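Participant: According to Swiss-Prot, the record shows the following:
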ACT_SITE  22  active site, proton acceptor
ACT_SITE  99  active site, proton donor
BINDING   73, 79, 86, 100, 101, 110  substrate binding site
SITE      17  site 'Transition state stabilizer'
């Protein structure tokens with residue numbers, strides 16, 4: 001089983017950017033922790049971050065047939081990117097949307113997701129634990145699906 005963790009714009013600044021909202025851990029430390037967890041579960045995990053919408057779309061396209069599911073923190077693209085939504089849907093790869101902060105408790109423009117309605121699930125508001133919860137959720141989903 002192989003998973004892809006995609007992180008969108010500004011997430012490369014985690015630990016420095018608004019730590020009162022996004023926490024003090026770096027993206028690298030989150031990826032290391034999740035990679036260790038994946039290894040313990042016998043799951044492959046590839047991590048990728050880009051500030052560019054087109055690069056994220058290309059990466060999703062390149063993942064077709066290579067990954068079983070995607071964990072995606074699309075950052076601000078969650079609220080604006082029809083291209084990212086279309087890439088996820090056309091790839092036909094199950095995905096979980098995740099966010100560090102509770103986007104529904106923030107500004108109105110952050111309360112709309114263009115990805116959520118087609119996601120397997122959405123995890124939001126648990127800080128860095130959102131990554132672990134999303135990982136566990138998609139892992140359970142894939143394992144249960146394979147039993148059917």
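Placed from the backbone N, Cα and C atoms, the Cβ positions cover glycine too.
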Participant: Looking at the recorded positions 79, 99, which one has the fewest other Cβ atoms within 10 Å of its own Cβ?
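Facilitator: Candidates: the recorded positions 79, 99. Fewest Cβ atoms within 10 Å: 79.
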Participant: According to DSSP, folded down to helix, strand and coil, what is residue 100 (substrate binding site)?
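Facilitator: Coil, per DSSP.
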Participant: What is the number of other Cβ atoms found within 10 Å of the Cβ of residue 86 (substrate binding site)?
Facilitator: 13
Participant: Rounded to a whole angstrom, what is the C-alpha distance between the residue listed as 'active site, proton donor' and residue 79 (substrate binding site)?
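Facilitator: Checking the Cα atoms of the residue listed as 'active site, proton donor' and residue 79 (substrate binding site) gives a distance of 12 Å.
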Participant: CB neighbours of residue 73 (substrate binding site) within 10 A?
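Facilitator: Its Cβ has 25 other Cβ atoms within 10 Å.
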Participant: At the level of the C-alpha atoms, what whole-angstrom distance separates residue 73 (substrate binding site) and residue 17 (site 'Transition state stabilizer')?
Facilitator: 16
Participant: Would you mind reading off the Cα separation of residue 101 (substrate binding site) from residue 17 (site 'Transition state stabilizer'), to the nearest angstrom?
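Facilitator: Rounded to the nearest whole number, the Cα-Cα distance is 13 Å.
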Participant: Can you tell me whether DSSP puts residue 73 (substrate binding site) in helix, strand or coil?
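Facilitator: DSSP call for residue 73 (substrate binding site): strand.
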Participant: Going by DSSP, is residue 86 (substrate binding site) part of a helix, a strand, or coil?
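Facilitator: Residue 86 (substrate binding site) sits in a helix per DSSP.
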Participant: Between residue 86 (substrate binding site) and residue 17 (site 'Transition state stabilizer'), what is the CA-CA distance rounded to a whole number of Å?
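Facilitator: With distance taken Cα to Cα, residue 17 (site 'Transition state stabilizer') is 29 Å from residue 86 (substrate binding site).
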Participant: Most Cβ neighbours within 10 Å: which of the recorded positions 17, 100, 101 is it?
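Facilitator: Of 17, 100, 101, the one with the most crowded Cβ is 100.
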